[in-house]
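Q: My questions all concern the structure below.
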Amino acid sequence: MGDWSFLGRLLENAQEHSTVIGKVWLTVLFIFRILVLGAAAEEVWGDEQSDFTCNTQQPGCENVCYDKAFPISHIRFWVLQIIFVSTPTLIYLGHVLHIVRMEEKRKEKEEELKKRGSVKDNNYPGAATSGGGSGGGNNFKDPPIKMGKEKLPIRDERGRIRMGGALLRTYIFNIIFKTLFEVGFIVGQYFLYGFELKPVYQCSRPPCPHTVDCFISRPTEKTIFIIFMLVVASVSLLLNMLEIYHLGWKKLKQGMTSQYSLEMPVTTLTPVMVTGESKPVSLPPPAPPVVVTTTAPAPVLPDTRAVTPLLAPVTMAPYYAAAAPRTRPPSNTASMASYPVAPPVPENRHRAVTPTPVSTPVTIPTPIPTPTPAIINYFNSKSNALAAEQNWVNMAAEQQGKAPSSSAGSSTPSSVRHPLPEQEEPLEQLLPLPAGPPITTTNSGSSTSLSGASGSKWDVEGEEELAEERPISATCTTVEMHEPPLLVDTRRLSRASKSSSSRARSDDLAV
């Protein structure tokens, strides 16, 4: 049994570097073959020759019949079977141990090279000229050989050597030869003994005088052992076939895919290098859009907010509300009488008339805001002052009726007339509105129609009034009247106009 233990230790080392099916096969070999053969079979087959008897007294006839019945003992036959079947596994184990030893040597040499390399780095300038430099050169020639050998088996994360290359081929040959040995020993057992032992064996080999009967001890027990060992051999054969399928197809496909994957990085490295070189070319395009987005949207927003109110009066038709008129502060523009045709339009009015470009989001008109209570109260207070002024104008009209009508056609000094009112709100400067028709008024004595020059003045003032009254829903119509030159006190008129803070003059009437 000492020899069996030595074989068991060797097979245990091989089990560490085997597949799952290979480990199962080794377990079957250990338990159902070696242990059973060493524990029970020798005792059962121990009296094989001593208890073999024949019914003859002829010397030598019994030995000749035993040799014919059992050309080789079953115990020895099974021992040979175990040895032959285990031999391919032992060869594979030897290959693994060789690889392990080569790896250990490689590591030792690499450590030596690292130590020598560190020493050469410290005294590199003198090492190139000294004799030790040649030795260092030889050391530098070793790493390429070692790098080539590192491509052979490599240990996995569990510390086992991976099957690949020559090691994988060795393992496949190991399985194939084990299968062949199993089949050969099963067939040999069938031809040598068969699968059953009969209690009586007839022998007619000389020197026996005639056919003699020989008797075998414990034939039934021996038959059971034969069948048991045959079943174990069949199980081992089945495991070998499964392992051939597992390695012959799966592992070979893995080897092909692994070789293909090892070759692919070499081909894929060139596109990676190309993309790496093209990165500086592709980086500049994203920069210009960033500059455009930061500068473009900033000026658009204030323009839309400033221009949006311009569209409000355009979307709706002009209308006149019957609300109290609003007074205007005095302005410094020239009177209408000093111009033959029409007063000059201020520069800011021309700016309002010119169309201003509006961006796309401004096309939607905004609703006209309703007047607030503060604005309504303001105009109510102004209406009271205007009513007092109208009373004064009525008195002036009565006095004008008493004067001769010829004086009405006299030219009035330009200083009496008020210039064009100054615009209060910036919206009035920007909104050009359609001119209203000429307005006529009838006095108590005579009716006067507005001249062409005054009509143009009314057109301008009508536009200004519409632009002024549109957002607050209130209009103010001004009628020009002529005063008598002698009956009206200019001081009184100027004081009244200043106290009421209105734009009306002695020759104007607000209706």
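Using N, Cα and C of the backbone, Cβ positions are placed for all residues, glycine too.
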Q: Going by the disulfide annotation in Swiss-Prot, which one of Cys61, Cys65, Cys214 is bonded to Cys208?
A: Cys61
Q: Answer with yes or no whether Swiss-Prot records Asp67 and Pro207 within the same membrane-side topological domain.
A: yes
Q: Looking at 2-15, 310-323, which stretch does Swiss-Prot describe as intramembrane segment?
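A: Among 2-15, 310-323, the range Swiss-Prot annotates as intramembrane segment is 2-15.
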Q: Do me a favour and check the Cα-Cα span between Cys65 (disulfide bond) and Cys214 (disulfide bond); whole Å is fine.
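A: Cα-Cα distance, Cys65 (disulfide bond) to Cys214 (disulfide bond): 8 Å.
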Q: Between the stretches 20-40, 175-195, 224-244, which wins on the count of C-beta pairs under 8 angstroms to the transmembrane segment (72-92)?
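A: The stretch with the most contacts is 175-195.
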Q: Would you mind listing the long-range same-chain contacts of the transmembrane segment (224-244), meaning Cβ under 8 Å and 6+ residues beyond its ends?
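A: Hits for the transmembrane segment (224-244): 19, 21-22, 24-25, 28-29, 32-33, 36-37, 40-41, 44-45, 74, 78, 81, 85, 172, 175-176, 178-179, 182-183, 185-186, 189, 193, 195-197.
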Q: Would you mind listing the long-range same-chain contacts of the transmembrane segment (175-195), meaning Cβ under 8 Å and 6+ residues beyond its ends?
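A: Tertiary neighbours of the transmembrane segment (175-195) are 22, 25, 70-72, 74, 77, 80-81, 84-85, 87-89, 223, 226-227, 230, 233-234, 236-237, 240-241, 243-244, 247.
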Q: Summarise the model confidence on the topological domain 'Cytoplasmic' (93-174) as a single mean pLDDT, whole number.
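A: Mean per-residue confidence for the topological domain 'Cytoplasmic' (93-174): 63 out of 100.
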Q: Given the disulfide-bonded residues Cys65, Cys203, which one's Cβ is surrounded by the fewest other Cβ atoms within 10 Å?
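A: Looking at the disulfide-bonded residues Cys65, Cys203, the Cβ with the fewest others within 10 Å is that of Cys203.
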